[in-house]
Amino acid sequence: MFRLQLISAFFILLFSLSPVSANFDYFQLVLTWPASFCYPKNKCQRRSNNFTIHGLWPEKKRFRLEFCTGDKYKRFLEEDNIINVLERHWIQMRFDETYANTKQPLWEHEYNRHGICCKNLYDQKAYFLLAMRLKDKLDLLTTLRTHGITPGTKHTFGEIQKAIKTVTSNNDPDLKCVENIKGVMELNEIGICYTPAADRFDRCRHSNTCDETSSTKILFRG
């Protein structure tokens, strides 16, 4: 109960942040599909059966902001309850739990590369809480399944995009694909975009890693 109260207090603090002008145009919340990311299976020490956070990226309309000036990542302490919450939403799949929670390599990388670029709006803890809050509002796996897109099946770019747009107020997501097997395009990540205040969805700039033609089927790896 005490842990839940602490987490609730974190979110109350996040919502009470004073508005400040942003130096970026929108956020992209990037969610990774573990079955694709972890292929072949020995690539990951741990994995999830649902989408997990890759990062929350402040972006300009024409380019991504990276490695901005500011204080570098400070590791969260073991007794800090945010680690337990991050472990559920932002899994460091390439590392075992002990190493991941102690060294925090993915969280450090993402904050130093992207999070610092929105420091005028969100400090380190607020940045991570924001990413988790945004993910909590989405259930992309259920959304895809509702539209017949289930793990192990293939669909066109348009079919996947149309399904995701039903939960983004019709704003384009950024579908990100890889070829783990030559000639087989598969869905690796989904980017969902928001205004700097994270109060509304926004349109994502396409990264153009997927074949968007109607003749190509994209694998949603099972």
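Note that the numbers count up from 1, one per residue, in the order the chain is shown.
Glycine is treated like the rest: Cβ placed from N, Cα and C.
Because the structure is a prediction, the values reported are computed rather than measured.
Here Swiss-Prot flags 1-22 as signal peptide.
Positions annotated as disulfide bond by Swiss-Prot, on the basis of similarity to another entry: C38-C44 (among others). The number of other CB atoms found within 10 A of the CB of C38 (disulfide bond), across every protein chain shown, is 20.
As annotated by Swiss-Prot, N-linked glycosylation site applies to N50, with the evidence given as sequence analysis. In this structure, N50 (N-linked glycosylation site) belongs to neither helix nor strand by DSSP; it is coil. Cβ-based neighbour count (10 Å, all protein chains) for N50 (N-linked glycosylation site) stands at 14.
The active site, proton donor annotation in Swiss-Prot covers H54. Sequence-distant neighbours of H54 (active site, proton donor) (same chain, six or more apart, CB under 8 Å from its CB) are V30, L31, T32, E110, E189, listed in sequence order.
As annotated by Swiss-Prot, RNA binding site applies to H54, Q92, M93, H109, E110, R113, H114, with the evidence given as similarity to another entry. R113 (RNA binding site) has a Cβ environment of 17 other Cβ atoms inside 10 Å. DSSP classifies R113 (RNA binding site) as helix under the three-state reduction.
Neighbour density for C68 (disulfide bond): within 10 A of its CB lie 17 other CB atoms from the protein chains shown. Annotation comment: Swiss-Prot describes C68-C117 (among others) as disulfide bond.
According to Swiss-Prot, the feature active site maps to E110.
Look at Swiss-Prot and you will find H114 tagged as active site, proton acceptor, backed by similarity to another entry. Cβ neighbour count for H114 (RNA binding site) (all protein chains, 10 Å cutoff from its Cβ): 24.
Per Swiss-Prot, disulfide bond is recorded for C177-C210 (among others). All chains included, 22 other C-beta atoms sit within 10 angstroms of the C-beta of C177 (disulfide bond).
For C193-C204 (among others), the entry in Swiss-Prot reads disulfide bond. Counting only same-chain residues six or more apart in sequence, the Cβ atoms lying under 8 angstroms from the Cβ of C193 (disulfide bond) belong to Y26, F27, Q28, L29, E59, T168, N171, P173, D174, F201, D202, R203, C204.
You'll find the Cα of H114 (RNA binding site) roughly 8 Å from the Cα of C68 (disulfide bond). The number of other CB atoms found within 10 A of the CB of C44 (disulfide bond), across every protein chain shown, is 17. Counting other Cβ atoms within 10 Å of each Cβ, the recorded positions M93, E110, C117, C204 show the lowest value at M93. Taking the C-alpha positions, the distance from C210 (disulfide bond) to Q92 (RNA binding site) comes to 25 Å.
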